[in-house]
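So that you can see what the record holds, here are the features copied from TrEMBL:
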type	residues	note
TRANSMEM	21-48	transmembrane segment
TRANSMEM	75-97	transmembrane segment
TRANSMEM	109-130	transmembrane segment
TRANSMEM	142-162	transmembrane segment
TRANSMEM	174-197	transmembrane segment
TRANSMEM	209-231	transmembrane segment
TRANSMEM	243-267	transmembrane segment
Amino acid sequence: MTTPTNLLLPEKEKTLYATRILTFAATVWLVVATVGQWLFGIYILLFYGKTTVTGNFDRWKEVLPDRYVEGTWKVVVGIHILLAVILVIGGPLQLIPALRRQFPVFHRWLGRVYVATAIVVSIAGLMMIWTRGSLADPTQHISISIQAIYIISFALVTIHHAKARQFAEHRAWALRLYMVVNGVWFFRVGLMFWLVVNGGPVGFNPETFTGPFLTILSIVTYAVPLSLIMVEMYLYAQKKQHTAFSLFTAALIFLWIIIMGIGIFGATRGLWLPRLSSVFALYDGLPQIELA
Ligand code: HEM
């Protein structure tokens, strides 16, 4: 005979199964994102590190508008870009549960450095956009500036909850901070995904770096970040443990992983490797894509 307990058990098991799939999706996401962000970090460190150490700042003009490399401006730009390495390399380290458990002191120190760096990099970025201008259109400028405001505010809230030892809130805000800090990376990876699947620029002008595709991309990566919506769905799914919602969230994360994977491949092959090859004379042959 079927008892109420028997009816409940399969539902509980289904929920457990769905939660496991969600955790698995999030873990694969973090692994793929870590690889892609560290590749970006290695590029920044090697390209800007080498040219800074050798005083060869003119090479920056191959990537950045000339006006960013004029006079003392390179100090602000250099601070912005070289400190970005801490964010790109350090961000994933903060999210690895085993590292947090095994090395809590390291986690706390890296957290303080990460938050301070995120604020400095964002302020330098705002100065660059609003006093030096940039390629791209006003929507992109406003969108990335909104992102800078998210970064600064989320950084302060994350630290506040850590100090108050409110760890559930701290974890949620740290995840949100990580997502907005990586907006510039999502933008690059999203753009390169688009270029790979379309076989070239579609929906924007690569000379002026303007067009509907870039407007939409800047809104969904910076001003109204899809990554933040995904974090909210993930946190909600973890809290509510509703089978269908957990599976739906996991499916969206898997789709995101595929897009990210293609974008990381495109960015490494089309942006970072060719630029590194130009300063290290590694190899020729890959077309370089200019990115504002
Ligand atoms: C917080 C995370 C950020 C990181 C990791 C980061 C990283 C970088 C890197 C590596 C570059 C050099 C371009 C390249 O070689 O691909 C760059 C350029 C630039 N960044 Fe950032 N950035 C961040 C946030 C911001 C923000 C919030 C703003 C604006 C408010 C900004 C504005 C700029 C500008 C104007 C450039 C010059 C190139 C251009 O015109 O787009 N960045 N950033």
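Positions of Cβ are set from backbone N, Cα and C atoms, glycine also.
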Positions whose Cβ lies under 8 angstroms from the transmembrane segment (75-97), at least six residues beyond its ends: 30, 33-34, 37-38, 40-41, 44-45, 48-49, 52, 60, 64, 68-69, 107, 110-111, 113-114, 117-118, 120-121, 124-125, 127-128, 174-175, 178, 181-182, 184-185
Same-chain residues near the transmembrane segment (109-130), Cβ under 8 Å, at least 6 residues beyond its ends: 68, 76-77, 79-80, 83-84, 86-87, 90-91, 93-94, 141, 144-145, 148, 151-152, 155-156, 158-159, 162, 174, 177, 181
Range from 142-162, 174-197, 209-231, 243-267 with the greatest count of C-beta pairs under 8 A to the transmembrane segment (21-48): 243-267
Listed stretch, out of 142-162, 174-197, 243-267, that has the most CB pairs under 8 angstroms to the transmembrane segment (209-231): 174-197
